[in-house]
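Participant: Mind looking over this structure? Questions follow.
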Amino acid sequence: MSMHKSTSSSSLGPGGLDLTQAFFKPIQNAAPPSSTKRHTKISVVGVGNVGMAIAQTILTQDLADELALVDAKADKLRGEMLDLQHAAAFLPRTKIQASLDYSITSGSDLCIITAGVRQNPGETRLNLLERNLALFRNIVPPLVKYSPDSILLVVSNPVDVLTYVAWKLSGFPPNRVIGSGTNLDSSRFRFLIADHLDVNAQDVQAYIVGEHGDSSVALWSSISVGGVPVLSFLKRQQIAYEKETLENIHKEVVQSAYEVINLKGYTSWAIGYSVASLARTILRDQRRVHPVSVLAKGFYEIEGGDVFLSLPAQLGRSGVLGVTNVHLTDEEAGQLKDSAKTILEVQSQLKI
């Protein structure tokens, strides 16, 4: 089922005459469009709260010439497509299409997967994962078929394991499969530190790495504000700080998603901005560093199997360009390895 256009199109004249030919006079002896012209296409799979917040942010930030939406629910899908199309007069020009059929994603530069099944009351994490694995078996192969050169960006939770699943199912090289990981956790972290110091969050360099979840690791040793390394500055100035205060800030980061879900039922706006920032860095080859879920084996002495977890990675047009060599304390390195083990234990139970 395809939903390429709403009821109105260029065929407004009598008998469905295409008025575009009459509306503009072509320039004589015009050359065809340049073959180097860049046309950017993004596909979003899943039009729930998260998928639509991402789609809406991509549109308002003018990141794509074409946006394709895919979901299994026809009415919801068509409704969301029409709702976005009706905002055309207030947005940069973007062709918005929607379909139950994955052929609509053909030629995508970036495929964003937000679809996932929700945990039922009393359901084990493993059972939830197995249901998401079954869902991904229906999502990833058609995306690969129609956009063999695209980059896959996984947002569905648990994001680290599902990014591994997408990598395995796609057959893509690891640089072209990325999880949104702790990009949002790190934004929350920067906000809380900035709030404590009464500075702009954009002047705070701080990363949460590891699992997007309870075993995530706050890299306190590498935090800087305006280029000043915070902990070494406090030490030099002989300003005492409580380690407990630092741990509480990290706890607040981990708990903040749960708090938002408890209060409004789901998270949407922050993840929308987070994923749009990743899309911009990738598609515009900005080579910015983001803490995202990447194939971590061999980095920071992480061994024991193919595991995806968040590390500060440089992103660009070909996906992951490299992993930043951030200095970790022995404690941080140990916590990161423990985080990898946590993910590997869950992953090893999956039949993939």
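Backbone N, Cα and C define each Cβ position, glycine as well.
Where the annotation comes from TrEMBL, it is an automatic prediction and has not been curated.
Dumping what TrEMBL says about this protein:
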DOMAIN    40-179  domain 'Lactate/malate dehydrogenase N-terminal'
BINDING   GLY46, VAL47, GLY48, ASN49, VAL50, GLY51, ASP71, ASN132, VAL155, SER156, ASN157  NAD(+) binding site
DOMAIN    182-345  domain 'Lactate/malate dehydrogenase C-terminal'
ACT_SITE  HIS212  active site, proton acceptor
Participant: Mind telling me which of the binding-site residues VAL50, VAL155 has the densest Cβ neighbourhood, counting other Cβ atoms within 10 Å?
Facilitator: VAL155
Participant: Using a Cβ-Cβ cut-off under 8 angstroms and a sequence gap of six or more, which residues of the chain neighbour GLY48 (NAD(+) binding site)?
Facilitator: THR114, ALA115, TYR266
Participant: Using a Cβ cut-off under 8 Å and a sequence separation of 6 or more, which residues in the same chain sit near ASN157 (NAD(+) binding site)?
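Facilitator: ASN157 (NAD(+) binding site) has long-range Cβ partners GLY116, HIS212.
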